[in-house]
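Remarks on the structure that follows.
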Amino acid sequence: MDPISASCFSLHLEENAKAILEEQKQEEQFSAIIVSCKSLSYYEGKKFKAVLPQILAVAIAATFHIVVGMSLAYSAILLPQLEESQNVTGSIQVTKTEGSWIASVLVIFTPAGALVAGVIMDAIGRLNMLKLASIPCVLGNVLIAMATNVPMILSGRILLGIGSAWATSPAIVYITEIAKADLRGSLISMAPGFASLGMVLVYLKGWFLDWRLVAWLTNIYVVVPAILIMFIPESPAWLVSKGRIEQARKSLEWINRFQPQPEHKSESFAEMQLAYLQKEHMIKKEQEAQSLGGNGVLRKLKMFARPTACKPLVILTGLFFFQQFSGIYITLFYAVTFFKDIGSTINPYLASVFIGTVRFVMSIANTWFMRRFRRRTLIAVSCAGMAVCMCVSALFTKWIQDRTTTHTWVPVLMLLLYVVASMLGLLSIPWTMTAELFPLEIRGVAHSISYSLAQLLMFASIQCYYDLTNLVGGSSGLQYFFAAVSLGALLYSFIFLPETHRKKLKDIEAYFVDNTAYYSLTCCKPKSNAADNRQRKPIVRNPRVASKHAKMPKGEIEKILLSRA
């Protein structure tokens, strides 16, 4: 090699060495960001007091679900009371067709409300959306309480459907964004717990009070949460996404006020979390700008074409189909009527109270189940239990109707056990996943879309209750149908449902890049590729371990560069 070429090559080696060191420096800075994210859980307080503000904020946000549960179960006490007063002068006359519309119209308008809620909550915030939800709820209850005909009742139910959508979507998203990864499932399950409490309250009041008075009293459960919500902070993740950093700082300080000062750190835990949220938001924005281009609505529409959005949407839609047609909500909306049809001699209102109470107790217990067990395991046990209970109940219902047995309590007991089984997984888990499975940038809209699809399926199942009963040959055939759908849900969830138990939202999002079906019982994680085989850096950097390129002898660096040249 001539001197000039040798000199040029030496200069090339020196420039490449500098480039390697600069590239490594950038990689180390990025790794430090990731490490800081992964190590946040290391600094979190382990005592109950440390998460107390978080639990309080979640409880207040989820309190709106009480009125949601009351609205869902209201038709169960309204329709029997209207039917009993058919011969009373001045009472509202209701046909079976009108009755099915009164029960189901609540959910047919919920999708439209959920879509609007998704857009508005991403614009004005999660908590402001909850405050806004109180308006249609109050108006709907007032309209029902003052109703003189069926159209007024239907209009009130429509307003309640819209208000329910405006309350549930932001509440679930808010809980998802402020909850710790290991507590997220348990805290989200507080929402259906409050909804179950609302159902118990309606069944109890309907047993003793007139349906008009029940509607008036429901407004108490709307106004109180709207006042309480003024005392908790907005979602820090949403505030960071809107560039409101100072407000995000105050929000994190409120949520983490009892978190201990991290050891060997000058900044507080709230400051560490804020830095991570800012950096994560910046990285995602850069990635979206490079991969999607455009901005605003167009960018979000493009994101729905990505596997991280479309795959969970399809999987959730299928899961909600099995949920709705397994009878979970049909038995809720027609609780009193359903107990009369199966031939039980137990007071149908009392049996409905039992159902609501069991749902409420299981909602509380579910906070423990969701924290301890995997989602797929819970759904598998839930679906199997529901199928067994419905088969036994159907068998005894047939015997009761044929007068071959006097054990009229068996269908009621089986239905109570059926509710217990449903609360373990198939009822609660799909609703929690509507906020877990989607990326932050479209979480509000995506949650609302999946919620809307679920409500449409719920409307279809509730609306066809009488037709479906006639088609399958009565109440016993209907219960066999519910059992078959429950077994279908078991198979579907085993094949397609990902595991999200104790998974970071970022890891859940990464799963859908390469995966659709989930054939094994292992935890969900993205498929490995060549890029993932790089050596992982230690969580705690050892000062004695410097850059391997910086520590290498000069001859070793030249060998590497020669091999790359």
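Positions of Cβ are set from backbone N, Cα and C atoms, glycine also.
Whatever TrEMBL says is automated annotation, not expert-curated.
Sequence annotations record features per position, and here TrEMBL assigns domain 'Major facilitator superfamily (MFS) profile' to 55-501. Sequence annotations record features per position, and here TrEMBL assigns transmembrane segment to 55-79, 99-120, 132-152, 158-175, 187-208, 220-240, 313-337, 349-370, 377-397, 409-433, 445-466, 478-497.
The list of residues near the transmembrane segment (158-175) in space but at least 6 beyond its ends in sequence, with Cβ under 8 angstroms from a Cβ of it, reads 58, 61-62, 64-65, 67-68, 71-72, 74, 105-114, 116-118, 121, 126-127, 129-130, 132-137, 139-141, 143-144, 184, 187-188, 190-191, 222, 235, 431-432, 434-435, 443-444, 447-448, 451-452, 455.
Taking Cβ pairs closer than 8 Å, the transmembrane segment (313-337) reaches residues 72-73, 75-77, 79-80, 103-104, 199, 203, 304, 348-349, 351-352, 355, 383, 386, 390, 415, 418-419, 422, 426-427, 430, 433-434, 437-438, 446, 449-450, 453-454, 457-458, 460-462, 465, 478-479, 481-482, 485-486, 488-489, 492-493, 496-498, 516 in its own chain, all 6 or more past its ends. Segment contact holds for the transmembrane segment (409-433) and the transmembrane segment (349-370), given three or more CB pairs below 8 angstroms at sequence separation of 6 or more. Remark: the transmembrane segment (349-370) contacts the transmembrane segment (187-208), by the rule of 3 or more CB pairs under 8 A. As a whole-number mean, the pLDDT of the domain 'Major facilitator superfamily (MFS) profile' (55-501) in this prediction is 83.
Between the transmembrane segment (132-152) and the stretches 55-79, 187-208, 220-240, 377-397, 445-466, Cβ pairs under 8 Å are most numerous for 220-240.
Residues 54-55, 58-59, 62-74, 76-78, 81, 168, 171-172, 175-176, 179, 214, 217, 221, 332, 335, 349-350, 352-353, 355-357, 359-360, 362-364, 366-367, 370, 423, 427-428, 431-432, 435 of the same chain sit 6 or more residues outside the transmembrane segment (187-208) yet have a Cβ under 8 Å from a Cβ within it. Within the chain carrying the transmembrane segment (220-240), a Cβ under 8 angstroms from the stretch's Cβ atoms is held by residues 56-57, 60-61, 63-64, 66-67, 70, 122, 125-128, 130-131, 134, 137-138, 141, 163, 173-174, 177-178, 198, 201, 247-248, 250-252, 254-255, 273-274, 277-278, 281, 440, all 6 or more beyond its ends.
When Cβ-Cβ distances under 8 Å to the transmembrane segment (478-497) are tallied for each of 55-79, 99-120, 377-397, 445-466, the top count falls to 377-397. Under 8 Å from some Cβ of the transmembrane segment (99-120) lie the Cβ atoms of residues 71-72, 75, 78-79, 82-83, 129, 132-133, 136, 150, 153-154, 157-158, 160-166, 168-170, 333-334, 444-449, 451-453, 455-456, 458-459, 462-463, 465-466, all in the same chain and six or more residues away from its ends.
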